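See below for the structure under consideration.
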Amino acid sequence: MLRTVDLSGRSVAVKVPATSANLGPGFDTLGLALAQYDELRVSVRPEPGATVVVRGIGEGEVPTDETNLVVRAIAHTFESVGVELPGLSLVARNSIPHGRGMGSSGAAIVSGIMAAKGLLQGVADIDAQGLLALANDMEGHPDNVAPALFGGLTIAWVTPDGPRFKKLIVHRGVSPLVLVPERVMSTALARSLQPASVPHEDAVFNVSRSALLVAALIQSPELLHAATEDKLHQSYRASAMPETDRLITLLRTNGFAAVVSGAGPSILVLCSDPGQRLAAARLVATQGAAAWQPLMLAVDFKGATVPRIAEDAVSGEGDTTAV
């Protein structure tokens, strides 16, 4: 039985970063938060149901009723703490590309969960582990939502008691470049191309590279090229995104640590410094790859942010803190 709580007048603002999952060898384990953001404003309204206004990416395309992914994430969070969902008014300002492997679905889920956490402040407390569990309930893969929640580099794993994460601070020299194509890619299609099993030696190869990649990202960026080699998933998906595969091959041949971003088709290039990032962007430009939008992004270290006290957000005086 859900209890009714008076949340009249409450409003909350949320800001969630883009993410890149896998990072080459870290399939379903590693994720990186990137400084490109979706922003959300949620207010409680007297009327039941939800209204949604979407601005920016997804405007005119994503649902604007209770079936909206953000609304569903809010509802899931309220239900998890036994509180009835009030009427809601949502305004979303999106800049994370959809269907490009930059975590747009995960960002929507995290936006909703964090908005619910803000609205429920003083009513129900949800700790970091609880936030990850709620997000994983909806997304299904914690590596996709952990960096959006907590920022930085995250290692995610699943135990019998639920998903877990470890956040690490990335070396200040690491300079991500994301190359975004015009076409989209279905995550479900990308996963369907994965084999049921892989050779033992390929698994060993990826274990070594994943361990090396963590060290490269937090301590030794000069090892990024060697550390981003992969034999578990990218080659199996190449047939579904040949342009991505060709550009990654070109970049890696020229010494750049290029990998598929998430499920693709975007490419993440992990550069050891801003100069190398500029060189990678210039190489892509010389190939006539005009269809690829280069995004020179910083690593986001905060993750999702939300006002400290929900009521303060009404007057715009809320103190913004990370999870």
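Any Cβ shown, glycine's included, is placed from N, Cα and C.
For P97, H98, G99, R100, G101, M102, G103, S104, S105, G106, A107, the entry in Swiss-Prot reads ATP binding site. Counting every protein chain shown, the Cβ of G101 (ATP binding site) has 29 other Cβ atoms within 10 Å.
In the three-state DSSP scheme, G99 (ATP binding site) falls into the coil class.
Highlighted in sequence order, A18, I96, G262 have their Cβ within 8 Å of the centre of the Cβ atoms of P97, H98, G99, R100, G101, M102, G103, S104, S105, G106, A107, the residues recorded for ATP, and are not part of that set.
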